[in-house]
Amino acid sequence: ITLANEGTKTLQAEQKPVALLCIGCSLIASSVLLLQKSIWKACYKTSKVPATKTIVLFFEFLVSVGAAILTIVAMPHLDIVTNVTILNGVAVLSSLLQMITQCTAKERNRFLLPSITAFLLILLGYVLFLVLYIMKNPSDIKMAVWVGLAVGGSFLVSFNWWENYFRLISENSSSVFLKDLCKDFRKCQNLLHILSSLLRIVVTACVLGAYVPLAKMDWSVVTSIPSRETRIIAITVGVQLISSALCHWFAVAACKMHALRRCFIVPLYLASLAVMALLVIPVIVYYQDYRISLNGTSSINFTSYCDVVEYNNISVFYCKMFSVNTFIHLPPGSAVSWWLGLVLATLHLWFLSLYRIQRTQNLFIRRLYEGGFLEQSLLLNTRFDIQIAERPVFLCATMWHETYEEMMKMIVSIFRLDQYKPKKEAGTTDVSFESHIYFDDAFRYVAGSQGRHVNEYAEMLVGIIRENLFTKQQQVPDQTLVRTPYGGRVVVTLPHGNSLVVHFKDRQLIRHKKRWSQVGLICCDQVLQKIEKNNTYILALDGDTDFQPVAVMLLIDRLKLYPLVGAACGRIHPTGSGPMVWYQKFEYAVGHWLHKTAEHVFGCVLCSPGCFSLFRGAALMDDNVMKKYTIKASRAQHYIQYDQGEDRWLCTLLLKQGWRVEYNAASDAYTNAPEEFKEFYNQRRRWAPSTMANVMDLLGCSNMIVKRNTSMSRLYMLYQLFSLASSILSPSTVVLMIAGSLTVLLDIHPNGALIIAVIPPAIFLGISFKIKSDTQILIAGIMSTIYAFLMMISALVIVGNMVKQQTILTPSSIFIIALACFYLVTALLHPQEVGLVVFGLLYIICIPSAYLLLAIYCMVNMNNVSWGTRETLPVGGAPAPAARLQHTTIPGMYMFEEIQLSLLVVLTNLHIYMLSHTEPVADFCFSLQEEEKFFRQLTKQYLEPLEENKKKQEEMTDNLRELRNKMVFIYFLCNALWLTATFSLQLSSSTLSIKVPKLDSNLQATGEHIYIDPVGFMFILSFALLVVIQFFGMLYHRIYTLIHYVAFLDTESKYDTPQQKTEEVSTTTTSLLPLPLLEENTSFHFYFTVFWHA
């Protein structure tokens, strides 16, 4: 706008169209970005055609015409101060609509007076503006036209934020038209934004194209502008476009980080003042210096000064533009009025209450920003009311036959939550929690006694609670073991007032094993009628999971803000010692760094692990989720998909119903990992077939999922298809890698090396059908050791060849260098975990074991559907007696007469914490008789113990074996075809190959060539593309993880901490706390630590 002014001498008069073209580009830049974003979103899903599009497009037409006339036509004829401040006048209609909104809704009338004052001040600014310009020279008709266009254009621009207030007016109005208009706009945003963006681009182009000829300017000068002016224009426009986009992104980030006042409102208020100061102060300073230099020899006014500073170090056009203004030393009254009007019109922003990482669509009415009115558009685009409702949060938990150390981890985590959120009076805290541990298969027969007794695991848990977690000075009150229809129940009051309820399940009274322990009582109609299902959250854990309260709160944030998020998982850290754990540390890190982040960013996470995940009650209560999840396995494939990976099967059902599954990298949890080779292989024997079955199930329902799930597109399903294909072909890929290693080591022909590489795994595959699984694991362990040495020697030989041949442009060297650099950069972006790179060396040499031998073991033993670890012996003895409610007093335990059935036994072998809303839930309390009736009905419907039918078991064993044979044939047929294709291409390498010039260490051509088969080249290229996609997904996810964590620190640290700790957990508990709670005196250290942690 400055360059287009008549007073500037930076551009000649005939070159003004170039400056006007740049103004037009600045105006439509945000529309182009919005068009691209809306098209991208529309490609994900079908967009409905709005019924009221004419009204919306009419408003968009007015805004685009007003913006073009104001900036292209009128503002180049005004001075700098007016141009900077008149933009604040676009709040005129917003302040008027605020008045109307608050009059229709009395609860918002505390901002009525500021809105009225803002409206009057903006009108006063327009009056002063008209008086200043028109009265200066009443005969100047052109100036009167420019001034009128400026006022009219700014008023039309103010229509831009109509929806911010029409939405609220319609809620308090009986007008059906307004309600339909706002509803239509919300449902059809993508298509409306596409149409409105195109309309704005066309209108701006038309105004610009019509004004240049009318102003007697010629477009031909655009192609003949000198290079110096071209650079000036390019830099000016580039700075404006880039800084505007960055300002918008940082403004959104500031709001999400809970820095609304200091990092959003204040900087935007001061923006126009800073620009005026930057432009006005130098002019005044130079003018005063020039007057002093005259030593009183002559008097000079400001206009005369501008005529004599042609060669001074200040641009002359500044003087020319300021000379129009009669108030040089003080800002004009119109500028002050407009600025104060904008401040008062956005005064409500100071009192907004936001969630952490508030959703962008809940923060702002419109997407993106206005190129010509950046700070005004950001302030006025913020929603007039952001309602925050207190939500009841229910967190629940369970346990299996864990060891002493594993139980200790779980109990310590519960005590941390108790300390972090002490029990308070209703209404004084946002959440309170109640811990429920559901102990599966907790009873046994004892010879010479009547009935069944709790087993040694249950006794161990009670011992941990009684002896290790309370101080010696504290007297633990007597408690009562209450017999229930599912077994028994014990309740403990934690040091800070919260309750811990342990439910002992009897496998003869209720169905056992993990999937059936996850089926809850949340389908109780009497309860669900009074509990808001969408705001019921269930934390699922394994019995050995160790976590911090912060991790739970971060997951709660995700579900609070995004109503379609059905589950959210955290970063799982395997714990233990030994080479197998070291391998898994790096494997888990890569899986979370790359795979889970890519799934989160580009679609949905396919598996929210049961060891640490938060589920939404409404998602689990969904009929099509619960009904299918409670289906008994009646076919062979059901045993693999349903029972071998319950967490993945549950997420598959959620995704099919349209729920989103997310990943939060800052929510850390620690769980024990297999330390023995056999245990590791048996664990993955369950996971691998289940993973493949569920992914194939999702891909088979791609069309249905894309229609139902707003987060999953066809491109994302294609990404998953490629990932599945890569996983299936991993054995043959490893064989090819081994063949390459043999080629380097033995200096033999690639085909000969390929034959040698195929023989050992083929023999292992053949004999695995005849030998026991333990023998298979023993052989796999021996072969894994041999392959590890082979990989290590091959890597050293490749490095030696690179030095010897003085070239890095070979397939092997490129692969090693690229892989090392990729993992190193990825690790550096996770500073807290960068040390895991050391375990990457072990991960690489174990690739043949993990992707070849393990794949063979998993496929051959697919028919084995046993758990593999912690198997329970068959129950012997007499049949179970009828369950009766009995009270058995245990020293150190107290009696519990009533039970809250809000989410009792929900997801029972998932560890569950129940966080209840601060309002009393006495309505959900049942008597023991009602409880017994309730559990009996539930057990009869879902959880009756499965009867053993040997004939059916034999049939199912045969079916599983037949399914295994089919899948093994198809799986290894695909790998055989891939190896055959590679073998054939290597035979005809002279005719069918890609010739690549060989480069030396200085990247200079050596005259020699390297021949690469096209199939291998395409595979490597596809793998590289997959890695690049995951890398960019990780970068995006890291940024928003940091924003979330900073927002958490800024809000959660302000929560009240208990003034007096009534009891302290014992030294054993304290020693297991890896991080301290938030305290003010450690805030700096904590912020610094958490910054790197995030």
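Every residue, even glycine, has its Cβ placed from backbone N, Cα and C.
Annotation source TrEMBL lists transmembrane segment at 18-35 (among others). Long-range contacts of the transmembrane segment (18-35) within its own chain (CB-CB distance under 8 A, at least 6 residues past either end) are made by residues 1, 3-4, 11, 67-68, 71-72, 76, 193-194, 196-198, 200-201, 204-205, 208, 211-212, 217, 221-222, 225, 229, 233, 236-237, 240-241, 244-245, 367-372.
Feature annotation from TrEMBL assigns transmembrane segment to 55-74 (among others).
Under the heading transmembrane segment, TrEMBL lists 141-162 (among others).
With a cut-off of 8 Å between Cβ atoms, the residues of this chain six or more beyond the transmembrane segment (191-212) that come close are 17, 20-21, 23-24, 27-28, 31-32, 34-35, 37-39, 42, 47-50, 53, 56-57, 60-61, 63-65, 67-69, 72-73, 185, 218-219, 367. Under the heading transmembrane segment, TrEMBL lists 191-212 (among others).
Annotation comment: TrEMBL describes 232-252 (among others) as transmembrane segment. Listed by sequence, the residues of this chain that lie at least six past the ends of the transmembrane segment (232-252) yet keep a Cβ under 8 A from its Cβ atoms are 3, 10, 18-19, 22, 25-26, 29-30, 33, 225, 263-264, 268, 360, 363-364, 368-369, 371, 374-375, 378.
Taken from TrEMBL, the feature transmembrane segment covers 264-287 (among others).
Positions annotated as transmembrane segment by TrEMBL: 336-357 (among others).
Look at TrEMBL and you will find 718-746 (among others) tagged as transmembrane segment.
Same-chain residues lying 6+ beyond the ends of the transmembrane segment (812-830) with a Cβ under 8 Å from its Cβ atoms: 589-590, 593-594, 740, 744, 795, 798-799, 801-802, 836-837, 840, 844, 1020, 1024, 1027, 1031, 1034-1035, 1038. Residues annotated as transmembrane segment in TrEMBL: 812-830 (among others).
Annotation source TrEMBL lists transmembrane segment at 836-860 (among others).
TrEMBL lists 968-987 (among others) with the feature transmembrane segment.
The transmembrane segment feature in TrEMBL is assigned to 1015-1036 (among others).
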Within-chain partners of the transmembrane segment (141-162) [C-beta distance under 8 Å, separation at least 6 from its ends]: 59, 62-63, 65-71, 73-75, 77-78, 86-87, 89-94, 97, 126, 129-130, 133-134, 365-366, 370, 373, 377, 380-381
Surrounding residues of the transmembrane segment (1015-1036) on its own chain - C-beta under 8 Å, 6+ positions past either end: 593-595, 597-598, 600-602, 719, 722-723, 726, 733, 736, 811, 815, 818, 822, 826, 829, 981-982, 985, 994
Non-local residues, at least 6 beyond the ends, that sit with Cβ under 8 Å of the transmembrane segment (55-74): 1, 20, 23-24, 26-27, 86, 146-147, 149-150, 152-157, 159-160, 162, 181, 185, 192, 195-196, 199-200, 203-204, 207-208, 211, 370, 372-373
